[in-house]
Amino acid sequence: MDKIKKEIEDLRSKINYHNNLYYNLDNAEISDAEYDGLYARLKFLEAMNPDYADAASPTQKIGGAASRVFTSVTHASQMMSLDNTYSSEEVLRWHERCVKSLGHGNFEMVAEAKIDGVSCSLTYEGGVLTVAATRGDGKTGEDVTANIKTIKTIPHNISFKNKIEIRGEIYIEKADLKRLNEIQENEGENIFANTRNAAAGSIRQKNAEISASRPLKFFAHSFGYGDVDVKGFAEFMDLCKSWGFSVTPNRIRTADINEITSFYKRFEELRAGLPYDVDGIVVKINSFAEQKILGVTAKSPRWAIAFKYKPPQGKTVVNKIIFSVGRTGIITPVAELEPVAVAGVIISNATLHNFDEIKRLGVKEGDTVIVERAGEVIPKILNVVKDGGGNEVKAPKNCPSCGSKVYRYEDEVAIRCINPACPAQIKGHLLHFVSRAAMDIDGFGEAVVEQVVEKKYVKDFADIYNLKAEQLLTLDLFKDKKVNNLLLAVEASKKRSLSRVLYAFGIRHVGQKTGEILANHFEDIENMLAASLEDFQKINEIGPVVGQSVYDFMQSAKGKEEIARLKTAGVNFTQPKVQLAGNELLGKTLVFTGELNMPRTQAEALAKAHGGKVSGSVSSKTSYVVAGADAGSKLTKAQSLGVSVISEEEFLNLIK
């Protein structure tokens with residue numbers, strides 16, 4: 001088994017084991033520092049090897065906890081991340097962009113402390129706190145209402161009676177962390193590595209009484225939506241304060257960008273003396289009207305920027321430089337380091353990106369280097385401080401996985417293996433194909449992919465659908481029940497929508513959203529096979545580059561063969577049509593709760609295909625709550641709000 005893949009698999013297994021102990025059984029075996037080291041290592045390896053990504057990885061679950069502990073909440077307004085920088089020059093460039101977009105430079109800005117905590121949204125209806133949710137992926141978070149209500153600095157009732165969502169940061173003060181860790185030690189429990197980890201672990205406890213025992217606090221810093229009669233951010237913060245929320249006192253309001261950079265420098269000296277951890281400042285355009293003019297990108301608002309302090313660094317030795325082969329054939333160098341603690345996390349690997357970067361750094365095995373956690377997440381080598389006398393690292397002439405000659409295209413810095421039969425690439429493609437966001441074949445993880453490729457049972461996507469029980473019985477730890485479950489999962493995946501199949505193919509530039517756009521436009525794979533290059537390129541949001549990539553795949557012998565073989569195997573290649581009229585779900589909002597006979601994803605897809613909208617939380621605007629067995633708080637809330645509650649059978653009758 002490939003060394004990196006095996007390490008990733010082992011790390012995921014260990015982290016899932018410790019997550020279950022910590023979050024579900026409240027019985028951790030390792031310290032938070034040790035856990036953070038495992039988690040940071042896994043996240044780094046996944047970032048360096050995106051082809052090994054798996055939606056089921058613990059790095060894809062907020063705070064590391066198993067997502068089944070909490071129900072999901074769909075944010076009415078996306079909780080976006082902020083663009084961030086460590087450079088005053090970049091802040092000045094941000095200001096210049098705002099000046100250009102607004103047409104003047106006399107707008108006010110607000111700069112305030114960036115608390116190092118956990119983002120949370122609070123929804124109030126009729127002045128009552130109804131839902132508290134984690135940020136999650138920005139679109140969907142987790143319902144942590146019961147735990148959040150134990151935080152004394154969060155009011156359960158406010159005087160504002162219209163519906164409003166207030167956002168802020170949950171944190172633990174430094175002194176409180178010290179006391180909490182003393183209690184943990186006295187009780188024989190593991191201590192927390194830092195305030196942020198303590199806050200994250202505390203709000204995501206299955207037992208709300210544990211959350212109540214933790215010294216959590218909350219600073220309000222923005223709002224998601226709500227009809228408030230204020231013109232700008234500073235006024236809104238004053239309003240929040242009048243409602244009983246705590247807001248950061250470390251704030252300035254000015255129209256002078258130089259005052260912002262001066263505040264940043266002054267505050268860096270002061271932050272060590274603050275009772276809470278701060279990792280930078282946030283700068284926002286004050287006026288809501290001007291914020292609206294500036295707008296947002298897909299991930300962040302243009303009217304705000306996080307001006308962060310430089311990440312922590314450490315000194316260590318490069319033990320070895322290895323080469324990793326990704327799904328697309330790109331060969332990436334990775335430095336294996338003598339483990340070093342940086343900001344409470346053990347770092348034992350660092351990205352070298354590409355061979356030009358190795359040359360720029362002049363790094364060799366045995367060198368002493370400065371490593372930093374860029375963005376406090378992904379470790380990288382900053383520079384060499386002592387020559388270890390090792391040999392110069394040269395780019396491989398042959399693929400470390402298959403031995404084929406490697407190539408470097410003129411317009412790329414990356415070195416690639418272009419052998420389609422390369423085991424590393426085949427495994428990477430298969431892992432992507434079976435992943436949850438693609439064909440979602442439950443149980444077809446890395447260990448299975450590794451073995452079916454090594455045993456030559458599977459060499460392409462279609463081979464997955466030709467696997468036999470007797471073949472699977474030869475795999476490690478596979479007995480009759482496990483074989484049957486995997487074969488059922490493979491069979492179920494044949495019904496996935498065209499959009500998911502397109503994403504599963506791994507066509508360059510085709511992500512989940514692009515797959516949906518293409519599938520909704522063409523509706524059937526035959527239409528795509530018959531389409532011209534112009535047909536692809538003229539689609540809104542596709543454009544020439546993506547259009548060319550998709551067209552090339554559809555016209556390639558390999559693409560046509562793969563599609564034909566998958567069709568023969570019974571894989572669906574059509575996109576469900578949205579019913580525009582003549583049914584009960586058109587324009588209605590549905591919430592699914594409890595255990596259904598069909599997979600939740602299938603039920604949600606059916607609702608969307610018939611014109612419905614799916615939400616993760618219940619409100620007065622919910623049309624139907626579809627309740628299965630063991631329905632919990634969503635059912636209770638629906639009943640209290642008078643929302644129509646229907647069974648799975650009644651739901652299916654609505655879409656007949």
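Positions of Cβ are set from backbone N, Cα and C atoms, glycine also.
Sequence-distant contacts of Leu82 (NAD(+) binding site), defined by Cβ-Cβ distance under 8 angstroms and a gap of at least six in the same chain, are Val282, Ser300, Pro301, Ala304, Ile305, Ala306. What Swiss-Prot lists as NAD(+) binding site is Asp32, Ala33, Glu34, Tyr35, Asp36, Ser81, Leu82, Glu112, Arg135, Glu169, Lys284, Lys308.
What Swiss-Prot lists as active site, N6-AMP-lysine intermediate is Lys114. Around Lys114 (active site, N6-AMP-lysine intermediate), the C-beta neighbours below 8 angstroms that are at least 6 residues distant in the chain are Val278, Asp279, Gly280, Ile281, Val282, Ala306, Lys308.
As annotated by Swiss-Prot, Zn(2+) binding site applies to Cys399, Cys402, Cys417, Cys422. Its Cβ taken as reference, Cys399 (Zn(2+) binding site) is surrounded by 23 other Cβ atoms within 10 Å in the chains shown.
Summarising the annotation, Swiss-Prot assigns domain 'BRCT' to 580-656 and lists sequence analysis as the type of evidence. On the 0 to 100 pLDDT scale, the domain 'BRCT' (580-656) averages 83 in the predicted structure.
Mapped onto DSSP classes, the domain 'BRCT' (580-656) shows 26 helix, 16 strand, 35 coil.
Note: the Cα of Arg135 (NAD(+) binding site) and the Cα of Cys417 (Zn(2+) binding site) are spaced 39 Å from each other. The record gives Cys399, Cys402, Cys417, Cys422 for Zn(2+). Within 8 Å of the mean position of their Cβ atoms, the other Cβ atoms in that chain belong to Val325, Gly329, Asn398, Pro400, Ser401, Gly403, Ser404, Val406, Asn419, Pro423, Ala424, Gln425. You'll find the Cα of Lys284 (NAD(+) binding site) roughly 48 Å from the Cα of Cys399 (Zn(2+) binding site). With the fewest other Cβ atoms inside 10 Å of its Cβ, the least crowded of the binding-site residues Cys402, Cys417, Cys422 in this structure is Cys402.
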